[in-house]
Amino acid sequence: MSVLHTGIGELVTNDPAIGDGSVLGLLHDAALVTDGDRVAWVGPAARAPAADHRVDHEGDAVVPGFVDSHAHLVFAGERSAEFAARASGRPYTAGGIRTTVAATRAASDEALAAGVASLARELLAAGVTTFETKSGYGLTVDDERRALEIAGRFTPETTYLGAHVVPAEYADHRADYVDLVCGPMLDACAPHARWVDVFCETGAFDVDEARAVLEAGRDRGLGMRVHAGQLGQGEGVRLAVDLGAAAVDHCTYLSDDDVEGLAAGPTVATLLPGVEFSTRTAWADGRRLLDAGAMVALATDCNPGSSYTSNIAFCLALAVRHQGLTPAEALHAATAGGAAALRRPDVGSLVPGARADLVRLAAPSYVHLAYRPGVPLVREVWRGGVPSEEER
Ligand code: NIG
Ligand code: FE
């Protein structure tokens with residue numbers, strides 16, 4: 001079945017070869033035809049071909065579905081008391097992760113799946129049509145495996161994060177935990193994961209441990225992604241670059257060498273401004289990364305500790321206000337950037353052949369995403385050519 005989406009006041013294609021020649025490939029008075037789950041045609045409304053159905057966007061802006069390349073959705077419980085304590089001056093440490101680990105281990109599969117379903121609905125309502133999600137709150141062979149099995153019911157972008165922190169029961173023999181993560185836990189998780197990730201940071205895993213985890217995952221056919229540069233400068237960003245990881249996420253603290261490495265290679269630098277908002281830490285310098293020539297993504301990092309938001313438009317507004325991105329760069333990072341971070345050439349743009357994932361905004365321009373922060377501007381979402389209310 002084909003659908004003609006017409007009356008689009010402003011269409012963001014993310015193809016610089018289309019339209020105004022900018023990175024967003026903007027077209028005005030545009031139309032788009034979808035055929036099944038794919039985009040079949042994009043161009044001026046006046047030249048649009050006929051289709052089986054017609055949707056009139058009445059001058060609204062249409063943007064590619066957001067691609068959230070970093071989230072931790074499989075968990076139980078919540079940590080509002082920790083958030084409130086931070087708001088009165090307590091610093092964020094990775095220690096809070098263990099609180100969520102205890103709650104997650106105690107939860108049933110049904111409760112965990114219901115939690116993911118609820119957050120996945122929030123993401124879709126916020127215009128996210130592709131999302132990644134991680135394990136990392138189980139930290140036993142069975143709890144990590146079941147987290148990934150549940151995650152896989154909702155997204156193909158599943159990430160094994162057995163190396164989130166060393167669980168309390170291994171505190172005195174952490175090398176054994178790294179061996180578990182690289183051995184039996186990986187064996188149980190790899191069939192349910194597309195990616196392997198590690199939190200390379202003081203208080204989590206050092207660079208040698210992180211390399212061991214990433215290489216073990218890579219040798220099992222998993223793509224690599226890394227958490228680094230969240231709490232301070234370290235060797236994690238360089239490790240990600242040297243191993244050719246798809247992405248390194250947080251990037252709040254970067255050395256000049258880190259920035260050079262990111263600019264020179266294919267590893268995407270993912271900004272997570274929801275974390276900096278929620279943990280009251282310094283803002284990552286997105287401008288520095290873009291000026292150096294690095295590819296930048298923007299993601300929610302939705303998790304109960306450091307960033308409990310599923311609203312990527314909120315993150316986009318923060319990136320514009322605090323990380324030095326223009327509204328165009330922020331939208332590009334939350335769509336094409338996220339797609340690059342997940343190595344998904346089929347999403348993040350609206351060009352013929354791409355997946356028909358599109359968001360109609362209650363606004364004449366994408367700029368409103370940052371200009372009207374906190375306002376729910378997502379009017380309608382189509383995923384794979386289908387209106388999201390028909391999917392539910
Ligand atoms: O990406 N940095 C490590 N992991 C999460 C935090 C998880 C938590 O605090 O529960 C993050 O920010
Ligand atoms: Fe994270």
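Using N, Cα and C of the backbone, Cβ positions are placed for all residues, glycine too.
Keep in mind the model is a prediction, meaning the values are calculated, not measured.
Taken from TrEMBL, the feature domain 'Amidohydrolase-related' applies to 62-362.
Annotation source TrEMBL lists Fe(3+) binding site at His70, His72, His227, Asp301. His72 (Fe(3+) binding site): 28 other CB atoms within 10 A of its CB, across all protein chains.
Per TrEMBL, Zn(2+) binding site is recorded for His70, His72, His227, Asp301. Sequence-distant neighbours of His70 (Fe(3+) binding site) (same chain, 6+ apart, CB under 8 A from its CB) are Glu132, Ala247, Asp249, Thr270, Leu272, Ala297, Ala299, Thr300, Asp301, Ala341.
Neighbour count (other Cβ atoms within 10 Å of the Cβ, all protein chains): 26 for His164 (4-imidazolone-5-propanoate binding site). In three-state terms derived from DSSP, His164 (4-imidazolone-5-propanoate binding site) belongs to neither a helical nor a strand segment and is classed as coil. Taken from TrEMBL, the feature 4-imidazolone-5-propanoate binding site covers Arg79, Tyr137, His164, Gln230, Ser306.
In the structure as shown, the Cβ atom of Gly305 (N-formimidoyl-L-glutamate binding site) sits within 10 Å of 24 other Cβ atoms. Taken from TrEMBL, the feature N-formimidoyl-L-glutamate binding site covers Tyr137, Asn303, Gly305.
The least crowded of the binding-site residues Arg79, His227, judged by other CB atoms within 10 A of its own CB, is Arg79. Of the candidate binding-site residues, Tyr137, His164, Asn303, Gly305, the one lying closest to His72 (Fe(3+) binding site) when CA atoms are compared is Asn303.
Screening the binding-site residues His70, Arg79, Tyr137 for a C-beta under 6 A from any atom of ligand 1 leaves none. With a cut-off of 8 Å between CB atoms and residues at least 6 apart in sequence, the same chain places Tyr92, Gly274, Val275, Ser278, Thr279 near Ser306 (4-imidazolone-5-propanoate binding site), listed in sequence order.
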